[in-house]
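A.B. asks: Have a look at the structure that comes next, please.
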Amino acid sequence: MSVNKEIKRVTTRTVQEMKLRGEKVSMLTAYDYSLATIVDDAGVDIILVGDSASNVMAGHETTLPITLDQMIYHAASVVRAAKRALVVVDLPFGSYQGNSKEALNSAIRIMKEAGAHAVKIEGGVEIAESVTRILTAGIPVMGHLGLTPQSIYKFGTYTVRAKEEAEAQKLREDAAKLQELGCFGVVLEKIPAQLAKEVTESLSIPTIGIGAGQHCDGQVLVIHDMLGINKGFKPRFLRQYASLYDVMNDAIKSYVSDVKSSDFPNEKEQY
Ligand SMILES: Nc1nc(=O)c2c([nH]1)NC[C@@H]1CN(c3ccc(C(=O)N[C@@H](CCC(=O)O)C(=O)O)cc3)CN21
Ligand SMILES: CC(C)C(=O)C(=O)O
Ligand SMILES: [Mg+2]
């Protein structure tokens, strides 16, 4: 794995040990080399190359349009930047739902062509065969339950999931199944904090929450959301740590103004 002697690489085992120690796991998305460098350097444990790239990078309404080739392009860029973080890559919509062979082939392409360390896959018992097949090939798998954006057209909304007992019970069973199959962790998205607490306490693998409350073993956010680059998106679960939209907008306005006024470039900025 890591050949760098100064920086100790986070592994799937590391994050499982963190749960045992009671140390929270930090996870953020990144989709390109520059931002991934900043994220890695800041000490984030896991970088997720999320299919949210479909929204954030490509401007699509949903995560459905992004392709496996596009995910691999983003992932390869992130892997080149990540010296310490564990790099997990989403299997995009349409790259695994067909059958377990398709799922395995997609996971292998992500590992081989991008150099990723693990894959993440949305769903529970219904994808058990695919998860098993990927794990059997030696590829670590992270689960994703609750609000699963690739199924948005089945649900119709991005509201909180598993508020009803039947859906909560299905989620408990799905989480137990993913652990039993050998997943190294599971993302819990937009579910009641009490349910996330129960699931977290019942599992030995870490739960990483987004809109799933304070009891999860770790937290994940989309980097553009938490940096305030993505101005329109402000759900309740999001804490915005900067307002980079404004910072960048001001800088760009200054540049435009300096070009227009012939202030840029000056004598020192030319040859
Ligand atoms: N930029 C970005 N951030 C994300 O967190 C994210 C993506 N993209 N794309 C993929 C999924 C989709 N996710 C989402 C999408 C919407 C809400 C949401 O809560 N939206 C609104 C309306 C919810 C409702 O209909 O009640 C909100 O204000 O809460 C949450 C997570 C999380 N992921
Ligand atoms: C929101 C996180 C968990 C995700 O799956 C993504 O960024 O695609
Ligand atoms: Mg995703």
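Placement of Cβ uses the backbone N, Cα and C atoms for every residue, glycine included.
All TrEMBL annotations are machine predictions without curation.
Sharing the record's features from TrEMBL:
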type	residues	note
ACT_SITE	Glu189	active site, proton acceptor
BINDING	Asp51, Asp90, Glu122	Mg(2+) binding site
BINDING	Asp51, Ser52, Asp90, Lys120	3-methyl-2-oxobutanoate binding site
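A description of the local structural setting of each listed feature is requested, covering burial, neighbours and distances.
C.D. replies: DSSP assigns Glu189 (active site, proton acceptor) to a strand segment in the three-state reduction.
The C-beta environment of Asp90 (Mg(2+) binding site), restricted to residues of the same chain at least 6 apart in sequence and closer than 8 Å, consists of Leu48, Val49, Gly50, Asp51, Met71, Val119, Lys120, Ile121.
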A.B. asks: Please report the Cα separation of Ser52 (3-methyl-2-oxobutanoate binding site) and Glu122 (Mg(2+) binding site) in Å, rounded to an integer.
C.D. replies: 13
A.B. asks: Counting other Cβ atoms within 10 Å, pick out the least crowded of the binding-site residues Asp51, Glu122.
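C.D. replies: Fewest other Cβ atoms within 10 Å, among the binding-site residues Asp51, Glu122, is found for Glu122.
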A.B. asks: Please give me the CB contact count at 10 A for Glu189 (active site, proton acceptor), counting all chains in the structure.
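C.D. replies: 22, counting other Cβ atoms within 10 Å of Glu189 (active site, proton acceptor).
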A.B. asks: Quick one: pull the CA-CA distance for Glu122 (Mg(2+) binding site) versus Glu189 (active site, proton acceptor), whole Å only.
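C.D. replies: Between the Cα atoms of Glu122 (Mg(2+) binding site) and Glu189 (active site, proton acceptor), the distance comes to 11 Å.
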